[in-house]
Amino acid sequence: MIQQAFRKLYFLNRLLIKDPWVVIMLSGFFIYILAVFRHADLLANTTSVLTLFSASYLLYRSVQKTSYPYDKWLFGYVFFWFFADTVWFVLALMPTKDPMLFPYMDLIYTIPPVFLVMMIIHWVATEAKRWNLYQLFLDFAAVLFLLLYLLGQRFYQHFLMERSLGFDDIVMALFTFMGLFILVSSVTLYLSSYRREKSIALCVILIGLMLYGSIEFLYAYLSLLDLYIANSFIDILYLIPPVLFTLSLYHQQNHQPHHHQYPTVTDPPAPHHPLTLPDNYGKRKAPYVFLPLVLILFFFGDIRPGKLLTTLILLFLYYMMSQNIQLSIKNYHLLQEAKEANRNLEEKVQEKTKSLEETNQVLAYYSYLDPLTDLSNRRAFIEYMDALTIRQQSAFHLFYMDLNRFKYINDTHGHDVGDKVLKTIARRLSEDWTKKGRLFRIGGDEFALIVEGFYQRHALSDIAKRIVQVVEMPIAIDPYHFYLGISIGIVSYPKDANTRESLMRYGDMTMYQAKNAFAQSHYYFYDSSIKDLIHEKHVLEMLLKQANANQDFFLVFQPQYEIDGKKLIGFEALLRWNHPDRGFISPAQFIPVAEETGLIIPLGEWVLKEAFRNIREINETYETHYRISINVSPVQLQSQKFMDTLLDRMRAEKISPSWIDLEVTEGAAFRQGHSVEAFFDHLRELGINASLDDFGTGYSSLSYIKRYDIDRLKIARELINGIHEEDSAKEIVRAIILMAKGLHLTIIAEGVEEEAQLSLLQSMGCHEIQGYLWSKPVPRHELEEKVIKPSLVNTRK
């Protein structure tokens with residue numbers, strides 16, 4: 001502890017030199033030391049008074065600035081020591097007076113230690129809850145008894161044997177008693193400080209207290225032997241505690257005015273938590289302090305073996321009693337900890353219950369909120385629709401919306417850019433319609449707007465047009481500008497439907513009708529024909545599930561020719577359905593239903609098997625290398641099993657990869673993004689041909705075609721139909737052919753039905769065609785006689 005205090009005191013240097021009173025105090029103290037060694041009594045008396053006056057003044061300032069009660073006790077100690085030294089100084093100046101012979105001099109010097117005793121008592125009483133009092137009193141008794149037992153005989157044998165009790169002896173006894181109390185208390189408090197780091201102030205004050213108590217023992221011993229001399233070395237020691245107390249409090253006040261490491265003798269009392277272990281809980285230090293002292297005294301012959309044995313027994317008894325108290329402290333602490341844990345558990349249960357209720361409220365709020373756009377989400381949409389339909393108080397209109405071309409942006413530029421696009425769209429729509437209706441984000445790129453009240457059809461059209469206008473505005477996300485479209489299905493309650501499920505279903509169907517019809521207005525109103533379409537879809541779905549592929553379905557083959565020379569190069573396999581009861585059902589009717597229900601997967605596998613079997617039979621029979629073009633659905637592209645199924649069928653039918661040409665529509669390729677890019681790359685690795693079907697129907701973009709590893713572009717029949725009548729269609733086809741040639745792609749035109757169309761395509765440099773002009777789709781049993789054999793004859797010629 002002493003080393004710790006002196007190690008910290010060097011921080012005082014910069015601070016102390018700034019206060020002249022500190023300089024005066026320290027200067028007076030050091031001059032006093034020199035005067036003592038020079039035996040200059042007058043100078044010594046003068047500097048002693050000066051030193052104590054400076055210390056008293058500094059402590060007085062400290063008392064005025066702080067509310068700490070301990071400062072007042074220390075001020076009283078220093079001030080009355082100054083008073084006693086002043087009396088000594090005055091008496092020493094009188095030629096006829098000797099301070100040492102003044103009868104009340106020792107009594108005056110008994111006043112200062114009274115303040116130290118009161119400070120210790122006040123401190124212990126104020127902070128009693130910080131210690132276990134049983135352990136504290138045991139430590140006090142052990143230190144007191146050991147000091148008296150080891151040193152008492154040497155100190156008091158002269159007093160007991162050679163002196164009679166007089167006034168001076170009573171004063172001396174009072175001196176000694178207070179010094180003993182201060183020494184024992186300070187040692188006990190030091191030994192009882194385990195669980196807190198000691199501040200500079202506490203360390204210095206404890207040093208001063210122990211030093212003062214030890215000096216009183218030494219003074220009593222010298223006085224009993226009549227060896228005390230005024231202004232000797234012991235008086236230097238007497239002056240050290242006041243200086244230390246003053247410096248410690250001065251440093252505490254000026255160097256750390258707003259921060260204390262913990263409550264100390266210079267801090268106001270602090271509340272004590274019942275679960276905090278006492279400061280004197282832990283391994284006892286007293287045996288380790290006194291045992292070396294006992295052994296040293298024994299070594300120098302100050303105690304005899306019997307006394308040594310007695311002392312060791314006492315230390316052992318102290319150790320055992322302390323262990324018992326420490327165990328009691330621990331058990332009590334554990335008991336209080338358990339009680340506190342129960343109280344805390346009850347409080348936490350209440351807090352958790354309250355917190356859970358608050359959390360549930362927050363979760364309830366966020367459970368109805370889309371985190372990306374801050375719009376109401378699908379759950380809120382469903383409950384809001386339920387509330388409106390159950391209430392049945394007023395009409396409302398549902399705008400069911402889906403963004404066009406968003407998937408391409410998301411796949412091409414990443415989800416971060418896609419999220420920014422969605423936020424922009426949501427913000428624009430919110431700014432326009434938050435006051436007139438309620439906007440929801442119900443899916444990835446799907447939104448819904450509910451407008452309450454009755455609106456005429458033209459007013460609803462105005463709303464839809466405004467939505468289209470807002471969405472089609474360019475979206476700038478550095479360094480890109482994106483252009484999106486939107487498809488809107490409009491359903492009214494209760495005119496079109498009176499349940500939430502029906503409204504959502506009709507809205508979804510109407511929206512897809514707007515998307516698939518390529519309506520110029522981009523929105524579509526629900527009517528009974530859509531309801532019929534829905535019913536028809538349900539019927540077709542049921543019929544598809546009941547159909548037998550080998551009996552009800554068959555393939556027809558439309559020939560594909562080189563445009564120059566009419567050389568047959570392959571066939572496109574087209575699926576047909578001949579239902580036993582309903583007869584022929586158009587692919588335009590059942591293919592979308594099969595894709596929506598997932599039935600296209602098994603149906604597509606059957607098409608692969610039949611197409612591969614037929615092309616193998618034809619090529620093996622006629623020793624040709626015709627290729628078979630097979631349409632691949634977007635649903636098949638999303639299936640992880642499709643590529644495995646393709647390879648299995650190729651191995652089973654022993655098909656050459658060069659005989660296969662898989663066609664993916666332009667729209668499907670655009671919507672699938674990166675997945676179709678990987679699909680084309682895989683086909684290239686396998687040596688299978690890949691074509692982009694229905695090219696030119698609205699998604700054409702040179703930037704994404706360059707990314708696809710394809711062999712052919714198939715120009716859509718919608719463009720070919722008007723090529724000989726419309727200049728715009730002709731120029732579009734010409735541009736597509738030029739672009740494809742620049743990319744080294746083969747161009748095939750489908751739907752060629754007139755000679756004028758053929759002539760224009762030849763002049764533009766188209767490579768291949770298929771269409772009714774040269775051949776309609778032909779069933780397998782007619783294919784050889786009508787197409788293959790005539791073609792072989794023409795080729796040989």
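Heads up, the Cβ atoms here are built off N, Cα and C, so glycines get one too.
These features come from TrEMBL:
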| type | residues | note |
| --- | --- | --- |
| COILED | 331-362 | coiled coil |
| DOMAIN | 394-528 | domain 'GGDEF' |
| DOMAIN | 537-791 | domain 'EAL' |
| TRANSMEM | 21-37 | transmembrane segment |
| TRANSMEM | 43-60 | transmembrane segment |
| TRANSMEM | 72-95 | transmembrane segment |
| TRANSMEM | 107-125 | transmembrane segment |
| TRANSMEM | 132-150 | transmembrane segment |
| TRANSMEM | 170-192 | transmembrane segment |
| TRANSMEM | 199-222 | transmembrane segment |
| TRANSMEM | 228-250 | transmembrane segment |
| TRANSMEM | 288-321 | transmembrane segment |
With pairs restricted to those 6 or more apart in sequence, evaluate whether the transmembrane segment (21-37) and the transmembrane segment (107-125) have 3+ C-beta pairs under 8 Å. no
I'm a bit unsure how to read this: which one of 72-95, 199-222, 228-250 has the highest number of Cβ pairs shorter than 8 Å with the transmembrane segment (170-192)? 199-222
Grab the same-chain neighbours of the transmembrane segment (72-95) for me: Cβ-Cβ under 8 Å, and only residues 6 or more beyond its ends, written as numbers and ranges. 41-42, 45-46, 48-49, 52-53, 55-56, 59-60, 62-63, 102, 105, 108-109, 111-113, 115-116, 118-119, 122, 205, 230, 242, 245-246, 249
From the DSSP assignment alone, can you count helix, strand and coil residues within the domain 'GGDEF' (394-528)? 61 helix, 38 strand, 36 coil
